[in-house]
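Peer 1: Marked as region 'Disordered' by Swiss-Prot: 1-23, 324-436, 450-474, 495-612, 869-893, 1443-1478, 1613-1659. What Swiss-Prot lists as coiled coil is 119-276. Taken from Swiss-Prot, the feature compositional bias 'Low complexity' covers 337-348, 381-392, 1620-1634. Marked as compositional bias 'Polar residues' by Swiss-Prot: 405-418, 579-589. The asymmetric dimethylarginine annotation in Swiss-Prot covers Arg494. Per Swiss-Prot, the feature repeat 'ANK 1' maps to 705-735. Positions annotated as repeat 'ANK 2' by Swiss-Prot: 739-768. Under the heading repeat 'ANK 3', Swiss-Prot lists 772-801. The feature repeat 'ANK 4' is assigned by Swiss-Prot to 805-834. Residues or ranges marked as repeat 'ANK 5' in Swiss-Prot: 838-867. Per Swiss-Prot, the feature repeat 'ANK 6' maps to 908-938. Residues annotated as phosphoserine in Swiss-Prot: Ser1520. As annotated by Swiss-Prot, compositional bias 'Basic and acidic residues' applies to 1641-1659.
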Amino acid sequence: MATDGASCEPDLSRAPEDAAGAAAEAAKKEFDVDTLSKSELRMLLSVMEGELEARDLVIEALRARRKEVFIQERYGRFNLNDPFLALQRDYEAGAGDKEKKPVCTNPLSILEAVMAHCRKMQERMSAQLAAAESRQKKLEMEKLQLQALEQEHKKLAARLEEERGKNKQVVLMLVKECKQLSGKVIEEAQKLEDVMAKLEEEKKKTNELEEELSAEKQRSTEMEAQMEKQLSEFDTEREQLRAKLNREEAHTTDLKEEIDKMKKMIEQLKRGSDSKPSLSLPRKTKDRRLVSISVGTEGTVTRSVACQTDLVTESADHVKKLPLTMPVKPSTGSPLASANAKGSAAMARPGIDRQTSHGDLIGVSVPAFPPSSANRIEENGPSTGLTPDPTSSTPPLPGNAAPPTAQTPGITPQNSQAPPMHSLHSPCANASLHPGLNPRIQAARFRFQGNANDPDQNGNTTQSPPSRDVSPTSRDNLVAKQLARNTVTQALSRFTGPQAGAPPRPGAPPTGDVSTHHSVGRTGVKTHGVARVDRGNPPPIPPKKPGLSQTPSPPHPQLKVIIDSSRASNTGAKGDNKTVASPPSSLPQGNRVINEENLPKSSSPQLPPKPSIDLTVAPAGCTVSALATSQVGAWPAATPGLNQPACSGSSLAIPTTIAFCSSINPVSASSCRPGASDSLLVTASGWSPSLTPLLMSGGPAPLAGRPTLLQQAAAQGNVTLLLMLLNEEGLDINYSCEDGHSALYSAAKNGHTDCVRLLLSAEAQVNAADKNGFTPLCAAAAQGHFECVELLIAYDANINHAADGGQTPLYLACKNGNKECIKLLLEAGTDRNVKTTDGWTPVHAAVDTGNVDSLKLLMYHRVPAHGNSFSEEESESGVFDLDGGGESPEGKSKPVVTADFINHANREGWTAAHIAASKGFKNCLEILCRHGGLETERRDKCNRTVHDVATDDCKHLLENLNALKIPLRISVGEIEPSNYGSDDFECENTICTLNIRKQTSWDDFSKAVSQALTNHFQAISSDGWWSLEDVTCNNSTDSNIGLSSRSIRSITLGNVPWSVGQSFLQSPWDFMMKNKAEHITVLLSGPQEGCLSSVTYASMIPLQMMQNYLRLVEQYHNVIFHGPEGSLQDYIVRQLALCLKHRQMAAGFSCEIVRAEVDAGFSKKQLLDLFISSACLIPVKQSPVKKKIIIILENLEKSSLSELLRDFLAPLENRSAESPCTFQKGNGMSECYYFHENCFLMGTIAKACLQGSDLLVQQHFRWVQLRWDGEPMQGLLQRFLRRKVVNKFRGQVPPPCDPVCKIVDWALSVWRQLNSCLARLGTPEALLGPKYFLSCPVVPGHAQVTVKWMSKLWNGVITPRVQEAILSRASVKRQPGLGQTTAKRHPSQGQQAVVKAALSILLNKAVLHGCPLPRAELEQHRADFKGGSFPLSIVASYNSCSKKKGESGAWRKVNTSPRRKSGRFSLPTWNKPDLSTEGIKSKTLSQLNCNRNASLSKQKSLENDVSLTLNLDQRLSLGSDDEADLVKELQSMCSSKSESDISKIADSRDDLRMFDSAGNNPVFSAAINNLRMPVSQKEVCPLSSHQTTECSNSKSKTELGVSRVKSFLPVPRSKVTQCSQNTKRNSSSSNTRQIEINNNSKEENWNLHKNEHLEKPNK
């Protein structure tokens, strides 16, 4: 110890120095405590105290931070080799006072602390080890349990082997039966052989007959061959005559053409002397063209825009490459040209067209076309022919410019020339330009300022640079043009400065707005120098031509972009549905194609069209650029004007036609004569190669002929040039060219409204006609320029003017489908009845092109009362909407045209209906057919009707056109209003509508009626919503209800009787029309005929069952019908009595029906008097009566059967004088009576089952039970409601997805679910028959009506019955002395709670569940149903084992066991004697379930319902045993998985609870599900012997095994086996169990025999 102490001394650094020195010296000696001095002992004591303090500090630090310190040390933050650092850190951190003594740094104390911690860790690990050992023990126990399960498995396997052995025995028995059956099969085979032998004999006989028949056929074929030979001879002769007729007709046509040619030659020679061409070049080219035309194989001579340096080639290949070319105009005075034109017109007319080609504004001079050129032209676009169809695809406007439909592309009118087009004009009202400014100077400045769209000298728009090098001549011309433009612009700038005194142009917006007017040729070309000037200034200078500017032109955009941009810039333009010109993408650069649809029409009358030059192939009506129109005096047109599109410059037949960009392709400059153009404007426009010398000479150049320029300006819409020309003196504004086209005509034809207004204001002749008789109004109407038409009408143009062919403006507008023009003309009062020389009317024209809108306007548009005053709103709105936006006009008004007008025939005898039918225009034909006066049987000159020439679609339309739609109805005769339940039966039902056509025969009509009836019977008796077309059946197959065509008594066509197969002299159609039959009525055979077909149809009870009931009455005489209230017992009995009466009367007996209604006061004495007075009971002394008597006793349930019928049972069963019965009369006398054989007794009971003493009566009658879940009641409601739906839909069966079908299915499911739930509750007296649901309203589109009806039914019928039934059941035991009535009047609180819970569950599970209404609407209607707000959590939380104090466990077991026995599940605890264990277990589970349900419900509901739940729980626990069973049954209904789930309906309501967990717990669900759950017959084991003896009537064991209600729940086989085993084990228990159930629930005992047949006691 001295050594240890010495070893400690050097570590005491905190001791004083003297003490340290003394300790060091003492270390040399042996350490002895006794030798220490007092000071040394003090020092030692202080050292030990310091060590204790250090240890305490270490312990506290380790306790406080044991986990953190060890974690830090583990991760290397502190080293275990030096724990002193940690101690020092903790000490310094914990002690803020520096004077505190440092901790002892003795390692022993530190190690002790570490060891203490290690001990703790060791203890913890030992505890974990102990836990692991316990888990090991549990694992071993589980292994033992697994072994036990394996043993059980082996036992089950052994049992399985036993079952297999039993199955083998069954198989052996089946094998024996198979052997027996095989023997029978051999016998049958032998019989079959005999039959086959007989069949062979019959076949031999038939073969002989066939041979004879074949011989007869051979003779008949020989006769037919002879007939065919004669017919072929006749055909040959007819064809020869036809060929001869055709030759004569062709010769006549040739002669007519020669006459026309001679006439036109004379006219042309006369005009030729008047016209003096001023240029020599046209004559020169005219001669060239004559040569080219006369050669039939040459291609059309063309000038192409794309040709910049080369001369025009005269090959057809060039035509193929350049789609925008034009044939050279032939000489107007040449007979050869006229002949060629005539031939071409004949070529162009399609064979189906029944007009001549002259009828559509088509001229007479046309160049001939070689076939090769035609073929190549077709390659450029989807052209349908060489020329447009004048009657179908082309506007009948002079020149066939642009077809209104997409049948012909825009290139066709150029390359394939129909007769020349006569330029059509459009008038303008006022034109005021600057009067102070010289129009010539203004026009010149307007012209010479560059424009991006102007063509260069080769006709190319300079938007696209040429794709190849420009020739030297072209370059020279380019320089010359630039120089000319610069010079003239400078020279004219003096005259065109702003003038202060110039009046403003009214309504003219700045013309520099390129986006509005450059719709035609400007795409992507940015205009340079667009100047916006004030309205008082002259027109602004257009942009310079890119060809003349110093900036290079942008590249040529793609064609698609051109079309789109022109369409995008089309502001204020109205499309007229014209052809979209779509040339191929390989167009030469510089060519342009315009869509007429996209052309703008100026919105202001004074607004001149913006210059745009790229008008290559535009259809008629295009805006021609102002720039182009100023280039007067250029090369002449290549073709007559009307053969070109209306907007092309060459459309005017003038010697010096305006040259414009690509429609006329000028020859290269080298081929032009210097003197070809002598006009300054022409020279400056860049078209003449001699531009530079003329400009340098400084002399003025004279302008060309003013009338020619006037027409050019009008045709191309150049308002500026037109104003300049109109201001000159001496100008003839009515001058006509050689084709008769005036300036007004050209402007109107091309749709230039401003030009038309200017010309009309200048007093141009508004009705000036061309050589074919077409006026400007004709041209504007044909082209669809409705603004021009409106102007011309306003200037009193002749709206009924007829051209040479008789075409009026209305006819031309109808021909081209221009509905705006048609509307304007009709409102102006034009005559619709004017006919052409071919006999065509405007209706013919509209129908010929298939234009429905035009036809509707002609037939229905009425002339407004305000006459010719048109407002903008009226012109836009019209009388009705033709675009389909509104109702069809024919639906609102009657046609305004007469029948004669509609039926008018043309020269060939064709009416408009003929044309529409032959071309397949079904819509047009349908509109014509809506006119009541249309004669579809009208025949043409070939004796063909409209039907004969119609296409298949139109034939179908015509066949159904005059078809009579007559409803077919089924009548069941008169039903007595007093009949029970007959208020809901309809006497007549419409089953379908028959279409009777003119060609319908009586055989077809008979088949249609029979098939319609059979289909209807099949449809209403099918299981689903099958349409009449889906029902495939024939007349011989009966429907499920037994009705067929054999059930018909008679058929009336209107008021005329008719039978199937009967024929009249007239056809069915004529017969119906003559007799004005509005319906066909089928009467079914009824009781008056001794049949029950009408009863079957009225009540939907199958005919076979009704016949069985009638047979029972006839055979047994005493029959009682019973079933739930509303099962139609009284109706069935009355109809059977009526049928029986008529059968007896037909057999020669007199018969009488006596009916008595039984009530509570009906006594046996009254019944006796009834029998005696009706001669059913006759005295023994009296002889039998031959009269038949039928007694009906209704409402027998209101009286006691045993008391009422007890004395009559014996004589009723033994009807003879040998077994009399003595009855005492009212006077006290007694006499013997007996029932005779001619008396029939029928009764009705509105009860589902008999009980008590009434069962004594059962064996003396034949009973017919009308069960709700068996036929006929089960399917009656479904069939009845389906028939009601069919009647509501006029014979059509709606699809299953229709809301009406859904609401009807819901009503049907409500009835079934309601009865199912009531049966489960053990209240059969509350069951409902289908009678209450027959009045279910069927209102398509109004499902709410049905829901409201259901709420009234629930509140008025169902709720009182359920309350009464539950109260009567719950009060049977509780108040035996007071009786049921007292209990019903004063129900206890527990009974009230049970009733409310039952109503709430029934409402949610049976009624509201499955309602097709949306959830929001259903919530609104929920308040209409009474009893739906009861908190269902009370039912779920009800303590199933709560009982009164005086009750024992055995008593409860006796009460509930029978109901459990009839259930599907049986508790394993039944086999145990200790019931308290079961009760505790069930109680615990019930409380657990309640808690889980409470957790699912809302907190607010819990707070509100806690007290209510507790109070009602106590009340329920005070109730009777039946109440407890009712509540258990309610719990099982709530938790049942197969029943409808309440949570789906009312999970959002606060007062409803979920019950899902009840079914999830196996023990609890078994406990509540096995209560009163019905089972099907196959699943229930036979009842034990003591149960059988307790039944009221002796029935076999198997009969009693039938359950009350069919279960909708799946039954596991293991549970059924378990049930049977438990039944056997409990069979030795006392009989009190069955006695209890029989005494307290008689109706339940009756329900056990539900599926039993009614006739068993008497069998």
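Heads up, the Cβ atoms here are built off N, Cα and C, so glycines get one too.
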Peer 1: Would you list the DSSP helix, strand and coil counts for the residues of the repeat 'ANK 5' (838-867)?
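Peer 2: Helix, strand and coil residues of the repeat 'ANK 5' (838-867) number 16 helix, 0 strand, 14 coil.
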Peer 1: Other than its close neighbours in sequence, what residues sit by the repeat 'ANK 6' (908-938), given a CB gap under 8 Å and a spacing of at least six beyond its ends?
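Peer 2: Same-chain residues near the repeat 'ANK 6' (908-938) but 6 or more away: 352, 354, 392, 841, 843-844, 846-848, 850-852, 855-856, 859, 890, 895, 897-900, 902, 944-947, 949-951, 953-955, 957-958, 961-962.
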Peer 1: Could you count the residues of the repeat 'ANK 1' (705-735) that DSSP puts in helix, in strand and in coil?
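Peer 2: The breakdown for the repeat 'ANK 1' (705-735) reads 19 helix, 0 strand, 12 coil.
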Peer 1: Per DSSP, what is the helix/strand/coil residue tally across the repeat 'ANK 6' (908-938)?
Peer 2: 16 helix, 0 strand, 15 coil
Peer 1: Give the residue counts of the repeat 'ANK 2' (739-768) per reduced DSSP state, in the order helix, strand, coil.
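Peer 2: DSSP composition of the repeat 'ANK 2' (739-768): 17 helix, 0 strand, 13 coil.
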Peer 1: Counting each residue once, how many in the repeat 'ANK 3' (772-801) are helix, strand and coil under DSSP?
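Peer 2: When I sort the residues of the repeat 'ANK 3' (772-801) into the three classes, I find 17 helix, 0 strand, 13 coil.
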Peer 1: Report the mean pLDDT of the predicted model across the coiled coil (119-276), rounded to a whole number.
Peer 2: 94
Peer 1: Taking helix as H, G and I and strand as E and B in DSSP, count the residues of the repeat 'ANK 4' (805-834) in helix, strand and coil.
Peer 2: 17 helix, 0 strand, 13 coil
